[in-house]
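Straight from TrEMBL, the features:
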- 27-46: transmembrane segment (TRANSMEM)
- 79-98: transmembrane segment (TRANSMEM)
- 119-137: transmembrane segment (TRANSMEM)
- 203-222: transmembrane segment (TRANSMEM)
- HIS206: active site (ACT_SITE)
- 265-285: transmembrane segment (TRANSMEM)
- HIS285: active site (ACT_SITE)
- 291-308: transmembrane segment (TRANSMEM)
Amino acid sequence: MATSSSTTISPRRHESVSRWRSGQPPAFALLVYPITLLVGSLYSAISPTAQSQQQSTATRPGPVVPINYFARKDNIFNIYFVKVGWAWTTLAFVSLLFTQQAYTHSPVELRAKRSIKALLRYAVVTCAWILTTQWFFGPAIIDRMFTLSGGRCENISILADSPSPSSSAAAGTAHKVTEEIKTIFTAVACKAAAGHWKGGHDVSGHVFMLVLASAFLAVEALGASSEECKPLADGAKEKQHNINTMDHSAVADIDDRFKVWSLRFVWGVALLSWWMLLMTAIWFHTWLEKLSGLLIAISVIYITYYLPRTLTSWRYVIGIPGI
Ligand SMILES: CCCCCCCCCCCCCCCC(=O)SCCNC(=O)CCNC(=O)[C@H](O)C(C)(C)COP(=O)(O)O
Ligand SMILES: Nc1ncnc2c1ncn2[C@@H]1O[C@H](COP(=O)(O)O)[C@@H](OP(=O)(O)O)[C@H]1O
């Protein structure tokens, strides 16, 4: 009556299941991100709460009191989690390196090779985060995209406060300087000068960082805790336990606890990132701005985790989590 799984599962499905088991999620798993943005954007378009929020932003002058807690820029998760999101991501990743079997309980050479490759992958995604949101030989890529698409920093208080020039030549120079300042500003500098970042295509830094961080942590966690990284079969493990002294098994217990808590922490950071992504999708930005943030992040994840599966030379350099 019961048939074995190998006879009922199609080869394609079998390959997909074994990919999950070996810690390599198939590419379609990344669909969770466009679906999240789609659901969030649809909700913001049809929900009466989100609608009334948008109307009051458009019609009422001055600051608007958000209707939903997550629509506030000063919500606790935005300030202490997203705004310092790369520090959380780094901490979670480091906890994997110190606790997961792939990096702690394999033969020394394999352990060193896996750790170096994992650090390289971290360097690649961190470089991408720095270049896209913090610094790209001057303003970050998203700031450059904003100014290149016609955006500028409006209502800068230091310009409004400066005395008016007396001659027409001075007025001309002042006008030129004003225009230059408006276009060279980064989002951070604009905000610091109490200006408003207006007019261009404002790629969502939140969408970019939250997608990048959560996908990076999820793929690394799946790889580090995959079946292939478990060096001993259960029977062999039991046998080894019996040989060990009480002291050794106490140490193993503590190791196991760290391993489990580290994984919970990593999945916690990834899940909170996903939740904040949904909140960004509902309360902030236009469709196109969210889409461009998503596309940049997905490209980085594709290059770091999916390209090595087909491009041997790249796999040789950067490796695949858990292998
Ligand atoms: C080419 C040169 C780069 C070389 C890099 C090599 C990589 C090696 C590792 C470098 C060490 C990195 C240290 C990482 C530790 C930290 O993460 S500390 C910084 C904490 N800061 C953040 O996490 C800031 C996160 N926030 C943002 O990125 C932005 O606020 C935002 C979420 C994109 C939103 O932007 P807003 O403008 O604020 O809306
Ligand atoms: N999930 C979220 N919760 C709170 N604020 C958010 C948010 N997503 C985006 N924002 C805010 O919306 C603005 C644009 O974000 P971004 O371009 O990074 O997507 C930023 O405002 P501030 O720069 O004034 O803090 C940011 O803090």
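Going from the start of the chain as shown, residues are counted 1 onward.
Cβ coordinates are placed from backbone N, Cα and C, and glycine is handled just like the others.
Separation of the C-alpha atoms of HIS206 (active site) and HIS285 (active site): 10 Å, rounded to the nearest whole number. Only sequence-distant pairs (6 or more apart) were considered; of these, fewer than three Cβ pairs between the transmembrane segment (79-98) and the transmembrane segment (291-308) are under 8 A, so the stretches are not in contact. Listed as Cβ neighbours of the transmembrane segment (265-285) (distance under 8 Å, sequence separation of 6 or more from its ends, same chain) are residues 32-33, 36-37, 39-41, 43-44, 47, 50, 53, 66, 68, 70-71, 77-78, 81-82, 85, 88-89, 92-93, 95-96, 202, 204, 206-207, 210-211, 213-214, 217-218, 220-221, 293. On its own chain, HIS285 (active site) has ASP202, SER204, HIS206, VAL207, GLY293 as residues at least 6 apart in sequence with a Cβ closer than 8 Å to its own Cβ.
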